[in-house]
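Per TrEMBL, the features are:
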- A:6-30: transmembrane segment (TRANSMEM)
- A:42-65: transmembrane segment (TRANSMEM)
- A:71-89: transmembrane segment (TRANSMEM)
- A:117-136: transmembrane segment (TRANSMEM)
- A:164-181: transmembrane segment (TRANSMEM)
- A:193-217: transmembrane segment (TRANSMEM)
- A:245-263: transmembrane segment (TRANSMEM)
- A:283-307: transmembrane segment (TRANSMEM)
- A:327-351: transmembrane segment (TRANSMEM)
- A:383-400: transmembrane segment (TRANSMEM)
- A:406-427: transmembrane segment (TRANSMEM)
- A:439-467: transmembrane segment (TRANSMEM)
- A:636-670: coiled coil (COILED)
- A:677-890: domain 'Histidine kinase' (DOMAIN)
Amino acid sequence: MTATLNLLVVVCLGYVAFLFLVAFAAERAALRGRGGWLRSPIVYTLSLSIYCTAWTFYGAVGYAARSGLEFLTIYLGPTIVMVGWWWGLRKLVRIGRTQRVTSVADLISSRYGKSTLLAVFVTLIAVIGTTPYIALQLQSVTASFASIAQADPNAAPLEDTRQIALSVAVGLALFTILFGTRNLDANERHHGVVMAIAVEAVVKLFALMAVGVFVVWGLGGGVGATLARIDASALDHWQVDGTRWAGLTFLSAAAFLTLPRMFQVLVVENDDEQHLRTASWAFPVYLLLISLFVVPIAVVGLEIMPAGANPDQFVLTVPLAQGQDTLAMLSFLGGFSSATSMVIVAAIALATMVSNHIVMPIWLNLTGGGAVMSGDVRNVVIMARRVSIAGVLGLGYVYYQMSGGGAALAAIGLVSFAGVAQFLPALMGGIFWRGATRVGALVGLSLGFVLWVWCLLLPSFGAGVVIPEAVMAQGPLGIGWLRPQALFGIEGIDPLVHAIFWSMLFNTGGFIVASLLSFPTPLERLQGAQFVNVFQHSARPQNWAGGTAQSEDLMVMAQRILGPGEAQALFQDEAQRQGLVGYLPEPTPDFLALLEREMSGSVGAATAHAMVGQIMGAATVSVEDLLAVADETAQMMEYSSQLETKSEELARTARQLRAANEKLTQISVQKDAFLSQISHELRTPMTSIRAFSEILRDGGALDPEAQAKYAGIIHDEAIRLTRLLDDLLDLSVLENGQVNLNIRTGVLAEVIDHAVAATGVEHGPLKLHRRRANEEVMLETDMDRLAQVFINLIANAQKYCDAEAPELTIAVGSRDGQLLVDFIDNGSGIPRQAQSVVFEKFSRVSDQKAGGAGLGLAICREIMARLDGTISYLPGQSGAAFRVTLPLAQRLAAQ
Amino acid sequence: MNEKPVPLFLERRSYRQRRLMDAARLLPLLAAVLWGVPLLWPRGGTEGAVSMSTAILYLFGVWVVLAVLAFLISRKLADDGEGAPGDGEGGQ
């Protein structure tokens with residue numbers, strides 16, 4: 001088999017189709033909720049491998065061939081960051097998740113008071129830093145095409161490499177648009193893309209290791225022989241310059257955190273913080289494996305390839321030269337994978353930033369009223385993102401074309417790293433130092449950016465291309481200490497290290513000094529506290545005060561950004577939480593913060609804040625929020641929660657006091673009533689007794705019939721008096737505790753039977769419901785007294801139940817060691833205000849139905865107290881309901 | 001800054017967890033120190049220069065050790081260490 005260009009194109013297209021399928025299947029699986037395996041820590045770890053681009057796939061070998069082990073620094077930095085996950089990455093990921101951060105620009109802008117200016121600035125630096133990098137990927141793909149074409153004797157020499165670059169760029173744009181903008185909410189994650197890059201990660205690792213194994217065991221003759229070869233080669237000794245070793249390790253560590261594409265996979269696409277746990281060791285292992293064979297390949301390549309062969313292509317050309325076409329094809333796919341996965345993720349990350357921080361604010365400004373106007377914001381955002389993806393790739397292609405794909409491009413990798421590393425002070429300072437301010441971040445970033453452009457970016461195009469050679473040698477306008485590669489007259493430092501050192505120094509210094517000198521806005525302080533103390537309280541910020549917002553307007557806006565279904569669910573949940581019916585909750589600060597956070601997942605924090613702001617009016621921060629920002633937050637909260645507890649306690653006591661007072665008043669009224677009652681109760685029979693006894697004494701002319709009648713009345717009244725006095729006596733005995741109880745054992749059913757028989761209910765209109773099975777309970781108590789209570793209750797029901805067909809239910813149950821006997825009738829019950837006094841002496845519920853003296857229930861209560869039980873009114877039943885409780889322990893003892 | 005009283009001494013399990021967190025925090029430092037050692041090596045062309053194979057074995061050996069340590073620590077570290085009471089003293 002010969003590696004023809006045509007075959008290569010076919011394999012390439014087949015591979016791309018395969019990636020499409022993988023991404024499509026992953027999206028489908030995620031949609032159906034079967035995507036559990038999509039969220040495994042391994043997929044997360046593999047997705048991090050977009051750090052290894054084509055530049056590292058091909059370039060590392062070239063790098064090693066030129067500068068020995070220095071290439072390792074590119075991997076050592078990320079390894080240090082990953083093994084230190086507990087310290088930094090964990091916090092970054094937690095913040096990213098709680099604040100629904102969509103990009104590195106979003107995080108920085110969000111931290112510094114949702115500043116749009118910062119977001120735009122960071123986005124611009126990211127675009128400037130990343131575009132050449134994308135161009136680099138296009139170059140490496142075309143270069144690998146060219147290498148294979150050279151080896152193909154049948155193919156005409158590749159003339160228009162630009163054609164290839166263009167088709168690669170267009171294909172990547174299509175793929176990215178298709179799978180990168182399927183859903184709007186960045187927190188919904190791009191399962192398809194992540195899965196595809198995970199597969200690509202495996203392909204490139206496998207490819208590079210396959211080439212490495214072939215070189216070491218196939219050509220080198222085993223590990224020992226290869227090591228001997230290495231020591232015998234041009235790369236025989238440790239050659240690395242110390243400053244570059246340290247500087248580049250730092251640079252790669254910084255870039256690992258700040259590169260937009262790395263931030264995308266590390267933070268934004270992270271599904272579960274726990275994945276970091278696995279990635280903390282698995283990603284270093286990945287990096288180790290991918291760099292393991294670099295030096296052997298370089299050494300063997302230098303040995304067997306003709307002098308002048310491009311070492312950047314050794315991974316491809318060594319197998320080709322050995323006739324290993326399949327291996328070469330695999331190697332080509334590995335490089336292709338590295339390039340495509342980087343470009344895809346970088347394009348998504350940049351497009352998110354550009355659309356959220358540049359396009360959306362402009363669009364909002366242009367449309368004036370913005371969110372409340374007609375038109376679907378979702379479509380606008382998605383369109384903006386698609387256009388941005390195309391734009392980013394277009395820029396990369398234009399850059400590639402303009403630079404001509406020369407050697408100048410090869411150096412751009414580290415230049416790009418140094419550019420995005422300028423975010424580091426603002427990013428790290430933002431999450432670890434509450435004193436960091438927006439002004440500080442702006443000053444630091446500006447200084448770093450200017451120095452980076454002056455010392456590294458512009459000179460990187462080559463002496464005399466952008467900066468005239470005279471300026472390089474003598475400084476601008478002859479000012480010597482401003483020479484791009486010898487600032488302050490300090491010469492002799494490696495240009496890259498020189499640029500990193502000065503830009504980071506001024507960046508960090510400016511950031512710290514300006515932060516110390518400036519004063520942050522309330523929103524900044526609020527966000528600062530949220531970010532730095534993310535582990536203490538992952539609560540969301542409360543930045544909205546006042547209720548001027550119209551819930552309906554908010555709903556209209558939210559529907560456009562989140563989609564109708566999701567927005568309605570969100571609003572309904574909130575309304576329910578607030579205890580309202582329907583879809584429109586009160587626009588409380590809590591809810592507005594939640595809404596803003598949800599929306600920031602789609603359009604970024606600054607834009608979401610601005611959109612809510614348009615509806616809310618000014619971006620106000622309330623006094624409470626300011627208090628929350630202050631250092632004493634925790635104490636304040638502690639104090640206020642104590643106050644809250646105390647005030648609750650006070651309220652409870654006040655309620656109890658009020659109830660007690662009410663009862664006392666009623667009892668006092670009763671006391672008054674008692675006297676008049678007792679005199680009334682005693683006087684009525686007395687009056688008739690006196691009147692009739694006078695008649696009997698005075699009038700002798702009474703016929704015996706009348707005499708008997710009057711004597712009968714006197715007798716009846718005397719009995720009534722006696723009964724009243726008996727009751728009073730009984731009560732007073734019970735109240736004084738002088739009663740003698742006659743404790744016996746018996747069955748509850750018998751007591752009830754006795755009570756029912758004594759009241760004659762069976763012959764009256766009152767219908768009785770009982771469940772005898774439940775009543776077979778052994779009791780050890782005073783049966784007669786208990787029966788007295790029951791008789792009283794049944795008689796009351798007889799007398800007072802006002803239903804047309806009166807019914808009485810006697811229900812027996814037990815709970816917590818208590819026997820419960822409920823007497824429930826179907827009348828209208830006892831009015832609420834009378835319930836608390838129904839057990840007091842002489843209390844009568846209704847005056848019309850004066851039947852007794854009002855002592856019955858008072859006696860019942862005293863009896864039950866003597867029997868260690870209670871009697872209470874049971875509210876909320878179908879009618880009047882009384883509950884008698886007796887301790888069950890007695891029953892058990894009896895059994 | 002929380003007003004909650006923080007116990008001065010921790011029970012054995014929490015103590016272990018706390019020291020594991022320290023280890024996790026120190027790991028990048030260890031990495032930087034070990035990989036900083038080559039800064040002391042004499043460079044090629046001078047007397048006693050370190051050979052390439054030795055350099056490779058050393059650098060990759062450190063790498064393996066770090067990966068193993070990271071693996072062990074990440075396994076042992078409790079799921080939600082930061083929620084432990086008394087975070088103020090050793091938390092962030």
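Each residue, glycine too, has its Cβ placed from N, Cα and C.
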Spatial neighbours of the transmembrane segment (A:42-65) far in sequence, C-beta under 8 Å, 6+ residues away: 71, 74-75, 78, 133, 136-137, 140-141, 143-144, 194-195, 197-198, 201-202, 204-205, 208, 235, 256, 259, 261-262, 265-266, 269-272, 275, 278-279, 282-283, 286-287, 290-291, 294-295, 297-298, 301-302, 310-316, 334-336, 338-339, 341-342, 345, 410, 413
Tertiary contacts of the transmembrane segment (A:6-30) (same chain, 6+ residues out, Cβ under 8 Å): 37-38, 145, 148, 155, 171, 175, 178-179, 182, 191-196, 199-200, 329, 332-333, 336, 340
Candidate ranges A:71-89, A:117-136, A:164-181, A:193-217, A:439-467 - greatest C-beta contact count to the transmembrane segment (A:327-351) (under 8 angstroms): A:193-217
Non-local residues, at least 6 beyond the ends, that sit with Cβ under 8 Å of the transmembrane segment (A:117-136): 53-55, 104-106, 108-109, 259-261, 342-343, 346-347, 349-350, 353-354, 356-358, 361, 392-393, 395-397, 399-400, 403, 409-410, 412-413, 415-416, 419-420, 422-423, 426, 438, 441-442, 445-446, 449, 457, 604, 606
Leading stretch by Cβ pairs under 8 Å, where the reference is the transmembrane segment (A:193-217) and the options are A:71-89, A:164-181, A:283-307, A:383-400, A:439-467: A:283-307
Stretch in A:71-89, A:164-181, A:383-400 most in contact with the transmembrane segment (A:283-307), if contact is a CB pair under 8 A: A:71-89
Contact set, same chain, for the transmembrane segment (A:71-89): CB under 8 Å, 6 or more residues outside the stretch: 51, 56, 60, 63-64, 244-245, 248-257, 266, 276-277, 279-281, 283-284, 287-288, 290-291, 294, 428
